[in-house]
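> Right, I'll just put the structure down here and ask away after.
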Amino acid sequence: MDTKLKKRRPGVTFGFFFAAVSVLLAAALVGGALWLSGAARLDYKDTVRYKAGLSSIFRELGQLGSGRAGGEALEWEGTNLSYLVESVDGGLWGANNDALSTQELYEQLQEGYGRQQYDHIFLYQDGVLQEQERLHYGDRSHRYDLTQEYPPYGGLEALAGEQPQAGELSFAFGVRAEQNLRNTGILYEAYYTWYQVALVLAVLAVLAVLALLVLLVTLVKHRSLGLAHRAIAYGVNHLWVEVKLPTLLLAATVCCWMAVEVVDMQTPAVPGTALALGCFWWCWLLFTDLAVNGKAFFTRNILNSARKLLRSLESGYPFLARMKRRLALFLGMEVAVVVLLALCAAGVLFGLGNYAELSLILLFLMVVLTAVGMGLLVLYIRQYNRNLDEFALVNDYAQAIRQGTAREPLRLEGDFAPLADNLNCIHSGISQAVEERVRSEQMKVELITNVSHDLKTPLTSIMNYVDLLAREQLQPDYCNDYVKVLEQKSERLKNMIQDLFEISKANSGNIDLHLERLDVVALVEQTLAEMGERTGPAGVEVKTQFAVQSLSVYADGKKLHRVFENLLGNALKYALAGTRIYLTVSQEGEMAVISFKNVSSYEMNFTAQEIVERFQRGDPARATEGSGLGLAIAKSFVELCGGTLSIELDGDLFKAIVRVPLADAFRTFSPSAPQPEEFQPEAPQPEEAPEQAPAGPEDPQPAISEEPPEA
């Protein structure tokens, strides 16, 4: 129910707005018409009708004084009017009271004026007209010399000296007060008309006040009113501009003309006001359309509608077919225009030139056809350029998707809109897949970090107790062998957990780097010296090839040492017995290149990309020691130092290549890596090996599986 009310609220608000504005405009028109026409005044004696009645009375009095027939209007007034007309020698021409002279009647009228029996009295003597009247807003008196000043009444031609008897008469008359008027005569009609007009104006004033209050309320509800106007603009915008503009001009003209007609009382108030309001609201709707839709007010035209119709007809065809059909249609229309132009030109040049009117018509048609042809050409060129621009946008957007820099979807409205929508769907799918993968990786890293952290505490306790057991001489003797196995396995588990912790920190970026200047050749030699004991049991020989004696790089010494240690250890584990491991250091441009090459002891059925992933083992059966994190840790540490680690496989030849920027080129190759604060020339020291618990007695160990090394 609330939803229905909310949907109806804009319509109800606009309905009240429409009614309020219509009432205000109608009240202004009708009130202005009544006031300007003289029908509405503060006192009825100021109205045009009352003055017209007095003009009739003056005319009747003049006719009586001139000896002509008349007096019908005076008789019709009855007791509403008290008058007396006499000649200058005392002859009585006409009267409706007991007074014997003009002066006597005037004195009686003045006495009645004082008692509010009469509101308007006149005295004419010797070419001078004296007037005295009581109005609602005060009394007023005036003296007119008819030879010099003409009063605001008609019917005084005889008194102005236009007739011989004009100067030989005098008269006095008075109009009874409005509360004493009888319902007869033109003066009463003037009063009654004024009273009706006053009632109409009062009603209009009340309606105008109510309408103004309603209008203020609707303006306070501006959101609902705005929604209503937007809905109206949406509906009106379906009309073509070729219809809206002429009707707007016509409605504005009719509205102004009809308003003037109503005010001048040349047209009946009700139909004239209704027509003016209708034209006004049509103009309001069109201006609302213009204000809300802006340029769309003009773009909704016959030409664009025809284009949309053509597009809807060709929408079922492929893009290339649409372009071909469009080109064929354009060429056909241009050919038709050229043919018609040729026919018109031939008609002007041959045979029809003798007819002036026909020649002018043909010339006009030629101008129109030329304009049509040029317009079609301009439209086709604009559409062609628009397609080129959209194609460029689509191409740029595809490049942005490829580079991963696309952020906002591509919005097009032309022929390439379907292609843009497809690219948007592809980009959305890729972004969603990447987000899901990143979320999965983050969850994996968090899980590894939490699990490795939680395993450290019990593992430390286990190792401590194993160390305590190793210090004891257990009986029987083979129990000491069991303790040694526990010690080896716990150490392996410790290293595995440490690897998990390191790889999770490296992938999350939450790791501290201490960049310093170091000699990579010296670091390689140091790594070989520390791991020299492992070359003998592996049955392989390590050969070094240093192209330079010293090569300075910026890197974290401990992290880079760990990289070399992992790569060399990987080669020792996987190298075929009796073969050689080649370790080379060289310079390529501004990069230091360290490579490890060995011949694998087993078939390498994996790719270079797979082997550097986390938990990837060269041995699918996982019969060897290791966690599958060695190469992943090495790759992460090298990248943190601004370098790269690449793996190359050639049959049984396994090759790991580390590239690290030289010290002078570090900022160029690694702008995003942390920058060193100062030079530190001393070489780094490798991480110290964890302290080992003292070994137990040298008793024979139980059979322990010696597994091949980790890849």
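Quick reminder: no glycine exception, Cβ is built from N, Cα and C everywhere.
TrEMBL feature annotations, pasted as is:
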TRANSMEM  12-36  transmembrane segment
TRANSMEM  194-220  transmembrane segment
TRANSMEM  241-260  transmembrane segment
TRANSMEM  272-292  transmembrane segment
TRANSMEM  327-352  transmembrane segment
TRANSMEM  358-381  transmembrane segment
DOMAIN    450-664  domain 'Histidine kinase'
REGION    669-711  region 'Disordered'
COMPBIAS  671-682  compositional bias 'Low complexity'
COMPBIAS  691-703  compositional bias 'Low complexity'
> Mean pLDDT across the domain 'Histidine kinase' (450-664), rounded to an integer, is what?
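Reported value for the domain 'Histidine kinase' (450-664) is a mean pLDDT of 81.
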> Where else in the chain does the transmembrane segment (194-220) make close Cβ contacts, counting only residues six or more beyond its ends and a cut-off under 8 Å?
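Sequence-distant neighbours of the transmembrane segment (194-220): 13-14, 16-17, 19-21, 23-24, 26-28, 30-31, 34, 39-41, 44, 47, 49-50.
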> Counting Cβ pairs under 8 Å to the transmembrane segment (327-352), which of 12-36, 272-292, 358-381 comes out on top?
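Ranked by Cβ pairs under 8 Å, first place goes to 358-381.
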